[in-house]
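Take a look at the following structure, please.
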Amino acid sequence: MSSQNYRSIAQKKLSNLQSLIPKAWRLPSIPSPLPLDVRPLIAQSNILTAAELSITSSHDATSLSQLIHSKALTSEAVTIAFCKRAAIAQQLTNCLSEVLFLPAIEQARALDAEYHRTGKTRGLLHGIPISLKDTFKIKGYDSSIGIASLAENPARENSALVDILIDQGAILYCKTNVPQTLMALDSMSHLFGRVKNPRNRLVTAGGSSGGEGALVAMRGSILGVGTDVGGSIRIPAMCNGLYGIKPSTQRIPFSGQELGLLPGADKLGLQASAGPIATSARDCELFLKVLADAKPWEKDPGVAFGGWEGQGDLGKKPLFGILRTDGNATPLPPVAKVLDETVRLLRQNDVEVVEIESPAFRKCQSLANSFFGMEGNNNMLDMLEKTGEPLIPWLSGRLARKKPLGAAEIGKLHARKAELEKEMLGIWKDKAGRTIDVLICPVAPHPVPEIDRWNGVGYTSSFVLLDYAAGTLPVRDFVEGDLHGELPSDAQVLGSWDKRNRELWNQNTVDRNVYLNTKLSVQVVAPRLQERKLYQAMALIDEILREGGKEMDKSKL
């Protein structure tokens, strides 16, 4: 065991984090109890000027890029505004793990001077503040992933993605909180505390990119980078009412991150990928396009060759498929309802949508689960034991030591995966043999649940197993009219995942009113390495949903 206890490490880490927030940016007092929605407290604090509130509230990264390029705004002004807002977000939601405010402001000033001197910007991300999940390494800063024994161990070099973002002019100003070990769907650690959902502090902010989700929901960032191996971009995006895209592997540089695994262990199982969490669909495109066109394969050998234009095209007459269930957990009434509303609006706008059923899909989650923890969780648990650190509530009863799988057992899993990948190819054809461009399905079979009650990941981990590109977009608010639907009384319980899912709607086990002040979202899925097609579909759906919003507002009451 380490000479330091996890509590003393956490105390020191939090004290250092607090010290890096300038006194002028600290809230004079924090209401107790906090309001359900903490977002209005930012403007009420009077810490941001009117101009800074406008910068952080009225724009996405795409529009800010245009304003910086036209010299209507400076990189320094934009960076200071987001640093201040991120500082407030941290005080209200525990969303940060590392603070780089002063170096970020210095970098922004240098970029402004460079632009003034040369008349050229670094690229589309010039002067845009971007937040990063704690897993990404920035030289001189920790990547502790919520584990005390990994704290006080600053990185010696940058992750590949970090170098590319800096080359493209991005301002890296903070890293964000994650759950202990990254292996939880609620972002809490003994090191930094629990990430709170800014929209509704009674429900989860999601995991494992929960800090990113909360920070972007507070608009302390408008473009952040998360990672996803089971849903860790898409779940926080859903929980916080945001846009998020999980690319296929080999698309975005992933090397050089802290994952808490033995060297090379991440190559044996399911491959995680990095992607954007944003306040708009077009900012997801901005991120993906910039990265694709920056020749990332020159920085990370694990990235596939090919620019943005080669990542698929939706075409003028796309064919969408609606996949209503994974066959393991029946969507609860509000989720089924928002799928119906989305399909209806698409069809009203001349987008063809066909029903899709896939018996093979129900096999995906159990196989994906078999890949998780192949190493037996032993390295993670060893790191916790070094400082006497106990498991967080979500992991207690879920994470235990097991015998690591041998080469033959891992080979059998990959053989099953290959068979299932082939079987699932049929999902991309309708009954007439036409090619389906994208699928629409739930992100989860339930609304955003209470803290520590997110359980199954079949609707998200399945697409990691298959390596399909997948994204989340918000549809509308959960409203009073959504409280009253019921599952058919004779509906068969499909298994343990379905049983636990139904508990999130059973009025004996949950007060449904907790779902008010959350967003209902849908997931969009494209074939492997078709990120451009995925974005185009998400943008089309988003445009139709926004234009049809008034009609939906009437129909849902």
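Just so it is clear, glycine is given a Cβ too, placed from its N, Cα and C backbone atoms.
TrEMBL feature annotations, pasted as is:
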ACT_SITE  LYS133  active site, charge relay system
ACT_SITE  SER208  active site, charge relay system
ACT_SITE  SER232  active site, acyl-ester intermediate
BINDING   LEU182, SER208, VAL229, GLY230, GLY231, SER232  substrate binding site
DOMAIN    78-534  domain 'Amidase'
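Explain the structural surroundings of these features, please.
The Cβ of LYS133 (active site, charge relay system) lies under 8 Å from the Cβ of LYS175, THR176, VAL178, SER208, SER209, GLY211, GLU212, GLY224, VAL225, GLY226, THR227, each of which sits 6+ residues away along the same chain.
In this view, SER208 (active site, charge relay system) is surrounded by 33 other Cβ atoms within 10 Å of its Cβ, with every protein chain counted.
Under DSSP, SER232 (active site, acyl-ester intermediate) is assigned to coil, being neither helix nor strand in the three-state scheme.
LEU182 (substrate binding site) carries a helical DSSP state (H, G or I).
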Give me the sequence-ordered set of same-chain residues, not including LEU182, SER208, VAL229, GLY230, GLY231, SER232, with a C-beta within 8 angstroms of the centroid of the substrate site's C-beta atoms.
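Counting only non-site residues, the set is MET183, LEU185, GLY207, SER209, THR227, ASP228, ILE233, ILE235, ALA272.
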Note down the number of other Cβ atoms within 10 Å of the Cβ of GLY231 (substrate binding site), including every protein chain shown.
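So the number of other Cβ atoms within 10 Å of GLY231 (substrate binding site) is 32.
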If you draw a 10 Å sphere on the Cβ of LEU182 (substrate binding site), how many other Cβ atoms land inside?
27
Need the DSSP three-state call for SER208 (active site, charge relay system) to compare against my parser.
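Assignment for SER208 (active site, charge relay system) reads coil.
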Could you tell me the maximum Cα-Cα distance in Å between the residues recorded as binding substrate, namely LEU182, SER208, VAL229, GLY230, GLY231, SER232, rounded to a whole number?
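Of all Cα pairs among the recorded substrate binders, the widest measures 12 Å.
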Looking only at the domain 'Amidase' (78-534), what is the model's average confidence as pLDDT?
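Summarising the domain 'Amidase' (78-534) by its mean pLDDT gives 97.
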